[in-house]
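Enquirer: From Swiss-Prot, for reference:
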| type | residues | note |
| --- | --- | --- |
| BINDING | E173, R219, H449, R489 | L-aspartate binding site |
| BINDING | R219, D220, E221, Q228, E482, G534, L535, D536, R537 | ATP binding site |
| REGION | 197-200 | region 'Aspartate' |
| SITE | H30 | site 'Important for tRNA non-discrimination' |
Amino acid sequence: MRSVYCGVVNTSNIDQEITLCGWVDRRRDHGGVIFIDLRDREGIVQVVFDPDAADKFALADKVRPEYVLRVTGKVRARSEATVNANMATGQIEVYGTDLEILNSAETPPFQLDEHTNVGEDVRLKYRYLDLRRDAMQQRLKFRSKVTNAIRNYLDDNDFLDIETPILTRATPEGARDYLVPSRTHDGKFFALPQSPQLFKQLLMVSGFDRYYQIAKCFRDEDLRADRQPEFTQIDIETSFMDEEQIMSVTEGMISKLFRELKGVELGEFPRMPYAEAMEKYGSDKPDMRIPLEMVEIKDLMASVDFKVFSGPASDPKGRVTAMKVPGGGEIPRKKIDAYTKFVSIYGAKGLAYIKVNDKTDLEGGLQSPIVKFLPQDVLQALLDRLEVENGDLIFFGADSAKVVTEALGALRCELGKDLNLYTCEWAPLWVVDFPMFEELEDGSLTALHHPFTAPSCSPEELSANPATALSRAYDMVLNGTELGGGSIRIHDQSMQQEVFRVLGIGEEEQREKFGFLLDALKYGAPPHGGLAFGLDRLIMLMTGASSIRDVIAFPKTQSAACVMTDAPGAVDKKQLEELHIRLRPVVAQPKEQG
């Protein structure tokens with residue numbers, strides 16, 4: 001129906017007759033000449049109709065925004081006075097000789113431009129219209145380029161694209177499963193995969209030593225700006241490669257994406273132990289563009305006559321830390337109060353601070369309500385340790401280690417954003433040497449990543465002291481966002497059983513849930529490992545979108561619903577009967593009396 005896209009017509013097409021198909025972006029009538037800006041996925045071109053062709057001119061006079069047209073005409077150069085430097089096609093126009101209205105359109109519920117501020121609920125309800133906007137078109141085109149580049153890179157590195165099942169069984173991976181009732185097996189359910197984890201490990205046992213898949217995954221969890229109930233994962237697994245080799249291959253992939261699609265050289269991906277990331281930056285995914293660090297001062301505060309500091313300093317599970325903000329002395333008190341409220345989200349009971357007006361005057365040069373509680377020798381040691389200068393601001397955290405780490409880690413990111421402290425545009429790194437387990441409130445252990453991650457110790461050492469064991473896991477972080485995570489997997493049956501035992505999974509439960517995996521590990525499972533990248537999150541970062549909902553064609557809302565199709569929806573009684581499901585009426589809970 002067409003010979004060329006609207007957005008690619010240029011001066012090389014001058015004097016050629018072309019046929020275009022697209023949507024009316026704008027229509028203007030200027031002194032008897034009708035101008036139509038015709039839009040398709042590649043951009044916009046101006047089409048001109050004049051009264052000399054009366055029938056086509058009359059038809060052009062009827063078109064309105066978002067009508068679908070087929071236009072034939074001759075490309076001609078614009079006059080110097082009418083060249084539009086803001087359009088890619090602004091040096092030419094198409095003189096229309098034929099016009100066909102393929103479909104009319106009602107007035108859209110919102111303007112399809114980049115300047116109209118439309119609520120996200122409206123955009124999602126009319127997503128098929130929202131996707132016509134240039135920003136959305138560009139993001140989805142970019143996404144297609146990324147997936148194509150990923151496939152090419154992995155194909156060139158001898159990886160095989162192998163699909164794994166969508167209907168599988170529930171396995172403990174940290175979030176709730178989406179369950180699918182079985183019609184043919186009464187009372188039993190499939191689960192939609194949270195990841196292809198076990199199947200890709202089984203592919204390694206099968207001898208497919210380099211696997212990848214751009215896989216749909218599903219998690220029934222609370223949603224945030226970077227979460228969706230269904231999401232896309234770049235899933236990778238290899239045999240006979242250690243951590244450094246896996247990190248090298250995947251680092252090369254991400255570097256190539258940025259180089260070829262963004263024109264950005266990411267440079268070196270430094271390695272940082274998990275313990276250092278948490279101690280200095282308060283996060284296992286630190287944003288290394290921000291030049292702020294948390295400094296331990298527990299030893300300085302253990303004996304001061306200020307319980308807010310000395311209490312946590314004397315507590316083995318407490319932490320007292322300080323963070324210097326260069327030039328932060330100019331932050332007004334009102335903003336400090338706002339930061340105090342901000343850290344309370346993470347359990348902090350307050351936010352102590354010192355403004356350094358004159359570091360040589362410990363009595364009059366330090367501005368803070370807490371200075372009077374701290375001896376001068378402690379203040380001097382504090383200033384020396386932090387290497388402060390006049391005009392700096394020091395924030396303090398004193399509480400349980402968990403609260404201090406999370407609160408000041410979040411404050412560090414907030415300060416970086418508010419004060420524009422970023423020292424570079426992109427800061428990648430690998431976080432390594434993660435703990436194997438983390439302790440829950442009841443004292444039990446849970447896997448920090450998942451129970452198939454290999455520890456960096458023997459089964460005997462793991463059994464003797466599981467709480468201190470490190471894993472062979474690694475996360476790729478970019479600008480404070482976890483792009484992907486992975487690990488070397490357990491390929492020895494006895495080690496896998498020991499990890500299950502540490503996690504409180506008895507032999508009977510092991511056989512019930514993971515019998516197929518334990519059996520596979522008996523038949524010559526090779527050393528293997530891999531990782532997975534969140535494709536949606538990667539595209540969000542690369543395009544600068546504020547949410548992954550802006551890089552997915554048809555996303556769900558933050559309540560895991562589709563307002564366009566009204567999903568999830570009710571099903572008829574017959575379908576429920578076939579699935580052996582009976583719905584109980586929802587009983588309203590009585591309100592508590594105040």
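Here the Cβ of each residue, glycine as well, is placed from N, Cα and C on the backbone.
Are these features on the surface or tucked inside, and what are their neighbours?
Expert: Within the same chain, residues at least six positions away from R489 (L-aspartate binding site) with a Cβ under 8 Å of its Cβ are Q201, M204, F452, T453, A454, H528, G529, G530.
DSSP gives R537 (ATP binding site) a helix state.
Residue counts for the region 'Aspartate' (197-200) under DSSP (helix as H, G, I; strand as E, B; rest coil) come to 4 helix, 0 strand, 0 coil.
All protein chains included, H30 (site 'Important for tRNA non-discrimination') registers 8 other Cβ atoms within 10 Å of its own Cβ.
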Enquirer: To which of the binding-site residues E221, E482 does the lowest count of other Cβ atoms within 10 Å belong?
Expert: E221
Enquirer: Does L535 (ATP binding site) have same-chain partners at least 6 apart in sequence with Cβ under 8 Å from its own Cβ, and which are they?
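Expert: Listed in sequence order: R143, V146, T147, I214, F231, T232, Q233, I234.
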Enquirer: What is the average pLDDT across the region 'Aspartate' (197-200)?
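Expert: PLDDT averaged over the stretch: 96.
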Enquirer: Same chain only, please: residues at least 6 beyond the ends of the region 'Aspartate' (197-200) with a C-beta under 8 Å from a C-beta of the stretch. Say none if there are none.
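Expert: 164-165, 168, 171, 173, 211, 213, 235, 237, 450, 452, 514, 516-517, 530.
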Enquirer: Of H30, E482, R537, which is closest to R219 (L-aspartate binding site) if I measure between C-alpha atoms? They're all recorded positions.
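Expert: The answer is R537.
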Enquirer: If you measure from the Cα of H30 (site 'Important for tRNA non-discrimination'), which of the binding-site residues E221, H449, E482, R537 is the nearest?
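Expert: Minimum Cα distance from H30 (site 'Important for tRNA non-discrimination') across E221, H449, E482, R537 lands on R537.
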Enquirer: Translate the DSSP assignment of E221 (ATP binding site) into the three-state scheme.
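Expert: Looking at the DSSP assignment, E221 (ATP binding site) belongs to neither helix nor strand, so coil.
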